[in-house]
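Worksheet for the structure shown next.
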Amino acid sequence: MSSTDAEGYIAQEPDYLGAGHTVRSWLLTTDHKRIGILYLVTLLFFFLIGGAAATFIRLELATPPGDLVTADTYNRLFTLHGVIMVWFFLVPAVPSTLGNFLLPLAIGARDMAFPKLNLLSWYINLVGGLLALAALLLGGVDTGWTFYTPYSSLYSNSYVTLAALGVFIAGFSTIATGLNFIVTVHTQRCEGLTWMRLPLFVWALYATSMVIVLATPALAVALAMVVMERVFALGLFDPAQGGDPILFQHIFWFYSHPAVYIMILPGFGVVTEVLTCFSRRKVFGYEAMVFAILGIALFGFFVWGHHMFVSGQSAYASLIFSLLSFLIAIPSAIKVFNWSATLYGGHITFEASMLYALGFIGLFTLGGLTGLFLASVPIDVHMHDTYFVTAHFHYIMVGGMVSAFFAGLHFWWPKITGRMYSELWARLAALLMFLGFNFTFFPQFILGYMGMPRRYHSYPDEFEMWNVLSSAGAVILAVAYLMPFVYLGLSVYRGRRAGDNPWQARGLEWQTASPPPRENFGPLPVVTREPYDYHRSDEEPSAREGDLDFPNRSDTETR
Amino acid sequence: MPEALHEPFHDIGKQRSAEEAGIWIFLASEVIFFGGLFLGYAVYRLRLPEGYGAAMAETNLTLGIVNTALLLASSATMAFTVWVGREGLQRATVTGLIATLALGTAFLAVKGVEYYEDIRHHLIPGHPDFPVDVPGAEMFFSFYWAMTGLHGLHMAIGLGIIAWTVHAVRSDRIAWRETAHLHVVGLYWNLVDVVWIFLFPLLYLVGR
Ligand SMILES: [Cu+2]
């Protein structure tokens, strides 16, 4: 335990970054904050690889004929893009980086319940990632990220086994993280932090962890069955032996639909924290938000059949899955309405993280509403496997989730590094991302509506204009994604000191130094109030004190 | 003596319950994992009942019964271990662990003999001399191999953990008296058992 001075600040103890400078001190750390940074590094690495594949895809599609890559290479490119982005970027994006860093801080704890397991999960993730990467470098996989049988199990001559094993192993890493989060929230909350006082970010991580633990093993068994079929020639999905390839789709989507919520729920949490802080408002309808999160996590398990309307499942099954998919829109809509109501009457300021968060709401709403189109059977039969579907899930995953990830990264960057980044460049990047994203993906809705199928490397001339627009937008988007690497990177060396709480936010993580000390807090905080107490419930919200752009140097710094 | 209490805990009771909660959550995910295989087995059994019945006659019931007995006995010795471990009896704990290790290894050895017999009888899906010519028979054996194989893998992992635990308890490398270590290992081992309790009737008995 560290010694503290009269005000409770940790006396001159180095922060978690200064606690050791050797490579060993990073690779063998059990500090959840350092593990979060390790995840951030590997995650950005995979993001760049997945992004590079997407660049080639948009480059090929800039002209109607297939003139850049062969059809076979194109298959491998979009598989690479999907596998890397889904399992090595989107799924771990918020939980493993921001979640790992912030969960103990947000509940007033000194670390995760199982610090060693936490480190182990990073290594497991690394092994899985390297296996998948090896498969992709050796020649790639051509099945698409969904690994549909019987193509993946019987016919594909690409490195399916290796890639599937990589994803299988990475799955255990997320299970370990989810398990750790659940136990941590149950056992490590500080005094006074009751369940109904938890920040919604923590609730979102908790619900995500539940989904991770209960859904990921279904993916594991589906992939294990494909691998066994390939390696040992067991005919588990082989029609010649009485097998049914559709069974694979059922098990796969039993994981992969909830996986959508694994990817988006943490984003909900991040956005709630950011919106309340920059509108200086209590969150509207806290309980409703909690139950919406839990409801989405639960109902997410019962809608997987909406991916299989044209796979030959019974019409009754399709109708029920369609109905359930419509119902899950209710809790999602509750969240969007409550965010809007939170903004209403608030003192809104447009910091970069707020811009990202507002962008999230817009893009997620559009993605969610087009999801309702696809949840209705007749429209899905028409739209299935067209660019409309591609656009829909990119609005959720990239527009929604990546915006939320960047919102969180910008919001907590001062806490993580102790430095402020250039607000001007950050706002510019946020606006550019919103613009570039819509520029890239909105034309794909139109292409899908016109009937352009996904996963082809060439297309008839009539689709050219919209594809050119989409590829041009992708250039803007790429610039917007690369900008934060520059100004966030520079801020580490040149940024102003952030102080403990530059945004005057109310979460517990802001009650300690930036960057936090190894033990997170001096004496552990005691919670006596509701979360998001930006104003008293009988008072109107008031503007933030002091200069908005130049946070005051805090007590910790002048000590 | 190693420190029983690990960061970030300050109360050994709380740490124990956290460790136990952790393994229960892991077991829940294991249940879903095996659930996928049971689902596949059930779907195909419903579609191809004759093939399943004919193929099941080819599995070795005697070895299946022997293995069930071995595994149930190992469950008992594991439960005994957890119980004496809580009392802090080192020699009894080590004995219980070694007995579990021996019974589990015997299970895998018997399973190996059974696999050898199966291969000798060409009970391999897709094999040109596959003995049963009823649609669905090969599917039954696909699941037979997949389910017993993955179950065996879980057993092997469990045996590795138990072997390490024998060493750790004997040399007091871990605080096995205070922490939930033995309880956690015991729960994992019992899950492996429970899976077999379902596999045995499904692969050897029902519809034979
Ligand atoms: Cu879905």
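Cβ from N, Cα, C; glycine included.
Under the heading domain 'Cytochrome oxidase subunit I profile', TrEMBL lists A:26-528.
As annotated by TrEMBL, transmembrane segment applies to A:37-57 (among others). Long-range contacts of the transmembrane segment (A:37-57) within the same chain, counting only residues at least 6 positions beyond its ends with a Cβ under 8 Å from a Cβ of the stretch, are 26-27, 29, 68-69, 74, 77-78, 80-81, 84-85, 88-89, 92-93, 96-97, 100-101, 122, 125-126, 129, 133, 416, 474, 478, 481, 485.
Residues or ranges marked as transmembrane segment in TrEMBL: A:77-107 (among others).
Residues or ranges marked as transmembrane segment by TrEMBL: A:119-139 (among others). Within the same chain, residues 28-30, 35, 38-39, 42, 46, 49, 76, 80, 83-84, 87-88, 92, 96, 158-160, 162-163, 165-174, 176-177, 180 sit at least 6 positions outside the transmembrane segment (A:119-139) and bring their C-beta atoms closer than 8 Å to a C-beta of that stretch.
The annotation transmembrane segment is assigned in TrEMBL to A:159-183 (among others).
According to TrEMBL, the transmembrane segment annotation covers A:203-227 (among others).
Taken from TrEMBL, the feature transmembrane segment applies to A:247-271 (among others). Packing against the transmembrane segment (A:247-271) from elsewhere in the chain are residues 86, 90-91, 93-95, 98-99, 146-149, 153, 174, 199-205, 207-208, 211-212, 214-216, 218-219, 221-222, 225-226, 237, 293, 296-297, 300-301, 303-308, 311, 335, 339, 357, 360-361, 364, 393, 396-397, 400-401, 403-405, 407-408, 411: each is 6 or more residues past its ends and has a CB under 8 Å from a CB in it.
Sequence annotations record features per position, and here TrEMBL assigns transmembrane segment to A:283-304 (among others). Sequence-distant contacts of the transmembrane segment (A:283-304) (same chain, at least 6 residues past either end, Cβ-Cβ under 8 Å): 196, 200, 203-204, 207-208, 210-211, 214-215, 250, 253-254, 256-258, 260-261, 265, 268-269, 272, 275-276, 321, 324-325, 327-328, 330-332, 334-335, 338-339, 341-342, 344, 530-532.
The transmembrane segment annotation in TrEMBL covers A:316-334 (among others).
Among the features that TrEMBL reports, transmembrane segment is placed at A:355-379 (among others).
Within the chain carrying the transmembrane segment (A:391-412), a Cβ under 8 angstroms from the stretch's Cβ atoms is held by residues 85, 90, 93-94, 97-98, 101-102, 260, 263-264, 266-268, 270-271, 273-274, 277, 351-354, 356-357, 359-360, 363-364, 366-368, 370-371, 373-374, 421, 426, 430, 433-434, 437-438, 441-442, 444-445, 447-448, 484, 488, 503, 509, all 6 or more beyond its ends. The transmembrane segment annotation in TrEMBL covers A:391-412 (among others).
Marked as transmembrane segment by TrEMBL: A:424-446 (among others). Sequence-remote contacts of a segment are chain residues at least 6 beyond its ends whose Cβ falls under 8 Å from one of its Cβ atoms, and for the transmembrane segment (A:424-446) they are 58, 350-353, 355-356, 359, 362-363, 370, 387-388, 390-392, 394-395, 398-399, 403, 406, 410, 466-467, 469-481, 483-484, 486-487.
Panel annotation: around the transmembrane segment (A:466-490), residues 44, 47, 51, 54-55, 58-59, 61-62, 64, 406, 409-410, 413, 421-422, 425-426, 428-429, 432-433, 435-441, 443-444, 446-447, 450, 459 of the same chain, lying at least six beyond its termini, place a Cβ under 8 Å from a Cβ of the stretch. Sequence annotations record features per position, and here TrEMBL assigns transmembrane segment to A:466-490 (among others).
Per TrEMBL, region 'Disordered' is recorded for A:508-559.
For A:530-559, the entry in TrEMBL reads compositional bias 'Basic and acidic residues'.
Packing against the transmembrane segment (A:159-183) from elsewhere in the chain are residues 83, 87-88, 91-92, 95-96, 99-100, 103, 112-114, 117-118, 120-122, 124-125, 127-136, 138-141, 143, 147, 152, 205-206, 208-213, 216-217, 219-220, 223-224, 226-227, 230-231, 262: each is 6 or more residues past its ends and has a CB under 8 Å from a CB in it.
Listed by sequence, the residues of this chain that lie at least six past the ends of the transmembrane segment (A:316-334) yet keep a Cβ under 8 A from its Cβ atoms are 285, 288-289, 291-293, 295-296, 299-300, 302-306, 308-309, 368, 371-372, 375-377. Note on the transmembrane segment (A:355-379): residues 264, 267, 270-271, 274-275, 278, 306, 309, 318-319, 322, 325-326, 329, 332-333, 336, 339-340, 388-389, 391-396, 399-400, 403-404, 406-407, 410, 427, 430-431, 433-434, 437-438, 445 of its chain, located 6 or more positions outside it, place their CB under 8 angstroms from a CB of the stretch. Beyond the transmembrane segment (A:77-107), the same-chain residues lying 6 or more positions past its ends with a Cβ under 8 Å from any Cβ of the stretch are 32-33, 35-37, 39-40, 42-43, 46-47, 49-50, 53-54, 56-57, 60, 69, 118, 121-122, 125, 128-129, 132-133, 136, 140-146, 163, 167, 170-171, 173-174, 177-178, 181, 184-185, 188-190, 193, 198-199, 201-202, 205, 208-209, 212, 259, 262-263, 266-267, 269-270, 397, 401-402, 404-405, 408-409, 412, 415-416, 455, 507-509, 512, 516, 520.
Per-residue confidence over the domain 'Cytochrome oxidase subunit I profile' (A:26-528) averages 93 (mean pLDDT, predicted model).
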